Amino acid sequence: MSQNPISLPAKLINGGIAGIVGVTCVFPIDLAKTRLQNQRKGQQVYRSMMDCLIKTVRSEGYFGMYRGAAVNLTLVTPEKAIKLAANDFFRHHLAKDGKGLTVFKEMLAGCGAGMCQVIVTTPMEMLKIQLQDAGRLVAQQQKPVMLTPTKLVAANTMLSRSYNSGTVVSAPPRAVSATQIAKELLQTQGIRGLYKGLGATLMRDVPFSVVYFPLFANLNQLGKPNPDQSSPFYWAFLSGCAAGSAAAVTVNPCDVVKTRLQSLNKGAAEETYNGVVDCISKIMRKEGPSAFLKGAGCRALVIAPLFGIAQVMYFVGVGEYILDNSPLSLMSV
């Protein structure tokens, strides 16, 4: 299989369709994950994933669960396309003489895929998190928070600062779109503004791909009737779910750090961070090790079906079918 020629356009189409279908199904859980990860000790608005979703629907309506979905659906196509196609590309070129890949080479291919995808992942996550977390900030401001006199003075002095400064915002954030946020970031900080948290995104996505792709490949291999046949679609789905949830929980601490660094709006008395190391040390000191597992259950619930659906769509070969039946292809026959 590794020596068969691969069609990158078909792989890109497969990855894009898989991403759109998967994200549409699991986006509300992803929103709950972001809000739970951004909660600080003593300022909890939500007790659990279900509590978060119920409160979101009550205060923001059904479509409140899809805050940030537009930017995610727009950018998830190239993101998933790059991730899945790059892994296939690296696996193809790392295979030699028709022999199967070693686990090390599978991990190397996954590492390459993870590094490629952050080109799209970082700005996508950056914009999505601002939109997803807006409702939490409003809910937190409506809930009385006990502040020490020192913190209260500090919060009052920074009452109306813009989210671009990454400081405290005490007034409910105005409704903004991803386009507005992107324009303001580009005007004030240049392209660097959209790539805030790049280091943390690499810390999350590279290990995720290193764990996910080899684990999926080996689990999927177990479902093949023989080496020359593909595994059934349900086995690809289950393998994607199992590998995705395992990889998601493994890298959840990195996802918490990335979410905190990319959250530009801050509630009253919430910490600001000056980089990955500063973020890790402040979370550990003020919230304890358990803070790094915030949203882990939600993240597993997001990633499991997302990658299960992705692998089914990917291995069904929708991209190959589209290309084979496109007008240009039919005219050339």
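All positions are counted from 1 along the displayed chain.
Backbone N, Cα and C define each Cβ position, glycine as well.
In TrEMBL this protein carries:
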type	residues	note
REPEAT	6-93	repeat 'Solcar'
TRANSMEM	12-32	transmembrane segment
REPEAT	101-222	repeat 'Solcar'
REPEAT	231-320	repeat 'Solcar'
TRANSMEM	300-323	transmembrane segment
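Remark: secondary structure over the repeat 'Solcar' (6-93) totals 73 helix, 0 strand, 15 coil, with classes taken from DSSP. Distant neighbours of the transmembrane segment (300-323): 7, 9-15, 17-19, 21-23, 25-26, 29-30, 33, 49, 80, 84, 212, 216, 220, 230, 233, 236-245, 247-249, 329; these residues of the same chain sit at least 6 beyond its ends, with a Cβ under 8 Å from one of its Cβ atoms. When averaged over the repeat 'Solcar' (6-93), pLDDT in the model lands at 83.
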